[in-house]
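These features come from TrEMBL:
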type: DOMAIN; residues: 5-146; note: domain 'Lactate/malate dehydrogenase N-terminal'
type: BINDING; residues: G11, A12, A13, G14, Q15, I16, G17, D42, N105, Q112, V129, G130, N131; note: NAD(+) binding site
type: BINDING; residues: R92, R98, N131, R162; note: substrate binding site
type: DOMAIN; residues: 157-324; note: domain 'Lactate/malate dehydrogenase C-terminal'
type: ACT_SITE; residues: H187; note: active site, proton acceptor
Amino acid sequence: MKPPVRIAVTGAAGQIGYSLLFRIAAGEMLGRDQPIILQLLDIPQSLPSLKGVLMELEDCAFPLLTGVTTTDDPRSAFRDAGIAMLVGARPRSKGMERRDLLEANGVIFSTQGRALDEAACRDVKVLVVGNPANTNAYIAMKNAPGLNPGNFSAMMRLDHNRALSQVAAKIGRPVSSIRKMIVWGNHSPTQYPDLNHAEADDGKVRDLVNDPEWVENYFIPHMQNRGTEVIAARGLSSAASAANAAIGHVRDWVFGTREDDWVSMGIPSDGSYGIPEGVMYGFPVTCSGSAYQLVPALEISEFDRTKMDITYRELMEERESVKHLLLNS
Ligand code: NAD
Ligand code: LMR
């Protein structure tokens, strides 16, 4: 029997938490032979409902779940964690812009960055889901000087999955046949979903779509606003699809991406594609050996450049507005 992996999940009493924890405990993220311990964090007001979630986890009798702790102390939640999924934050509601969340949620991630630095495994894999995800991941990374910046990532996988699904429907192919989608930049309405490098089993997606007007005026804006559309329809922000994306993000980071494919992850830039080093930007990556590699040297058109720069500039604005939360800046 393998030793258990400690997985910290913040905001565990929330709606994403409710879609996430049971799938992790069933083995969908780290495999059906990997025992796990869940270390669940929420704020004091949410601990009573977290107790209910704990009861339900117990009632499932998951064979892989060798322990569960609940706490409102980030250091306890992150103690010896090998994986930290930072979901807890206030979500956007109808009419709210993402930047409204910056200040409120940024403070959470500076505290949690420090706690990760103090308590987590040195090779902890950190996924930030709570919005604004890229800037929150950046804040956490900057508050954890003892951890490698490469341990930190922001979730672009929901955007990536959304783009796969829309393209598959457009060209009438199964989702599994589409490879090499990219969502560049920020998890926000400035993101740039880019199908120019995508392939289906029988050709380049761009050629199969063969409709530049659809790409520019339907696909890109609809992907950029999909989160808002879900909020308008549900009255709540996406949860099951976000949890699904979080599981896919961690699973691929740990076990590797499929052959001849890549995924989109928000990671600190290494300076590639003209994005300055350190910016927490959505890039195409391949994963193997429990590490990611940025996909190098893709051809970037003038159109791509313009879109990639817009989302980069938004990240710079977000960073400017939270600079008081960053260590050493
Ligand atoms: P929710 O309101 O249902 O749950 C949030 C939970 O976080 C609550 O239980 C709350 O008590 C907890 N929380 C608040 N502050 C906390 C803190 N300091 N420490 C620990 N827990 C804290 O929200 P949700 O629908 O689960 O969404 C969570 C976050 O994920 C939101 O910020 C939302 O915008 C974001 N989100 C991101 C993506 C993405 O693709 N990156 C997709 C969907 C949602
Ligand atoms: C989403 O993409 O569904 C979430 O990030 C919700 C939001 O606030 O856009």
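Using N, Cα and C of the backbone, Cβ positions are placed for all residues, glycine too.
Nobody curates TrEMBL annotations by hand; they come from automatic prediction.
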Can you tell me which binding-site residues out of G11, Q15, G17 are within 10 A of R162 (substrate binding site) by Cα, answering none if there aren't any?
none
Going by C-beta under 8 A and a gap of 6 or more residues, the same-chain neighbours of N105 (NAD(+) binding site) are A89, R90, G130, N131, P132, N136
Could you give the number of helix, strand and coil residues in the domain 'Lactate/malate dehydrogenase N-terminal' (5-146) as assigned by DSSP?
64 helix, 27 strand, 51 coil
Close to ligand 2, in the sense of Cβ under 6 Å, among G11, G17, R92, N105, V129, N131 as binding-site residues, are R92, N131
Between the Cα atoms of A13 (NAD(+) binding site) and R92 (substrate binding site), find the distance and write it as a whole number of Å.
17
Set of same-chain residues at least 6 away whose C-beta sits under 8 angstroms from V129 (NAD(+) binding site):
I16, M85, L86, V87, M155, A242, A246
Which of these binding-site residues (A13, Q15, R162) have a C-beta closer than 6 Å to some atom of ligand 1?
A13, Q15
